[in-house]
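As recorded in Swiss-Prot, the features of this protein are as follows:
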- Met109: methionine sulfoxide (MOD_RES)
- 67-265: region '10 X approximate tandem repeats' (REGION)
- 67-88: repeat '1' (REPEAT)
- 89-110: repeat '2' (REPEAT)
- 111-121: repeat '3' (REPEAT)
- 122-142: repeat '4' (REPEAT)
- 144-165: repeat '5' (REPEAT)
- 166-187: repeat '6' (REPEAT)
- 188-209: repeat '7' (REPEAT)
- 210-230: repeat '8' (REPEAT)
- 231-241: repeat '9' (REPEAT)
- 242-265: repeat '10' (REPEAT)
- 1-18: signal peptide (SIGNAL)
Amino acid sequence: MKALVLTLAVLFFTGSQAQHFWQQDDPQSSWDRVKDFATVYVDAIKDSGRDYVAQFEASALGKQLNLKLLDNWDSLTSTFAKVREQLGPVTQEFWDNLEKETESLRQEMNKDLEEVKQKVQPYLDEFKRKWQEELQIYRQKVAPLGEELREGARQKVQELQDKLTPLAEEMRDRARAHVETLRQQLAPYSDDLRQRMATRFEVLKEGGGSLAEYHAKASEQLKALGEKAKPALEDLRQGLLPVLESLKVSILAAIDEASKKLNAQ
């Protein structure tokens with residue numbers, strides 16, 4: 001029930017911004033969540049990709065071509081792992097600098113979010129209470145019908161369905177009414193939050209210096225990140241060359257073997 005309430009609040013309030021309202025007692029920063037997501041995503045692609053390569057090599061065509069793709073894939077994985085290890089400190093420094101430079105702005109925004117959260121919480125609690133009451137009423141109405149089904153024969157299934165349909169429609173309509181009420185109650189706070197955020201960015205824009213400073217620092221950090229990443233990327237290029245050459249030789253050998261078989265027929 002709590003998950004349902006929070007989901008509806010997100011849908012009818014401020015979208016992704018509202019997620020901050022309920023992310024309490026979470027020591028992980030937003031930057032850490034982004035980095036963790038990227039790591040999980042890359043690892044998932046790596047693992048699924050290896051599975052596809054293994055399935056292809058196990059197939060009749062894969063055995064016939066004998067491209068040794070799995071060996072090359074493992075070499076690629078090892079190369080990428082080394083590069084990621086080399087880039088780890090560099091990217092960590094970039095995220096730390098960016099987090100430090102935007103600390104003041106994020107604190108102001110979090111303060112605004114917390115204020116709005118305190119104002120809308122009573123409406124969310126009231127919505128939760130009403131929804132629980134509606135579910136309890138629905139369960140009480142449906143319970144006797146379930147007993148009829150257990151005691152009756154198959155022909156009563158249609159009768160049960162006919163009885164359940166209006167109850168379900170009533171439940172749906174009442175739920176929609178509660179959701180609409182919640183939407184109307186939260187609308188002013190949604191507008192207030194958007195206005196607060198717009199004001200924050202407008203102050204930055206009008207100040208000129210602060211906004212330009214953020215842009216300059218971000219550009220400087222990205223440039224530094226690129227310079228520090230060059231050695232690791234060069235190592236990646238050098239590591240890929242033998243793998244690509246091996247793959248090229250395997251493909252040419254497979255083509256040559258296939259041509260010989262065709263000519264021999």
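Cβ coordinates come from backbone N, Cα and C, glycine included.
Averaged over the repeat '9' (231-241), the predicted model has a pLDDT of 65.
Summarised by DSSP class, the composition of the repeat '3' (111-121) is 11 helix, 0 strand, 0 coil.
Within the same chain, residues at least 6 positions away in sequence whose Cβ sits under 8 Å from that of Met109 (methionine sulfoxide) are Met197, Arg200. In the three-state DSSP assignment, the secondary structure recorded for Met109 (methionine sulfoxide) is helix.
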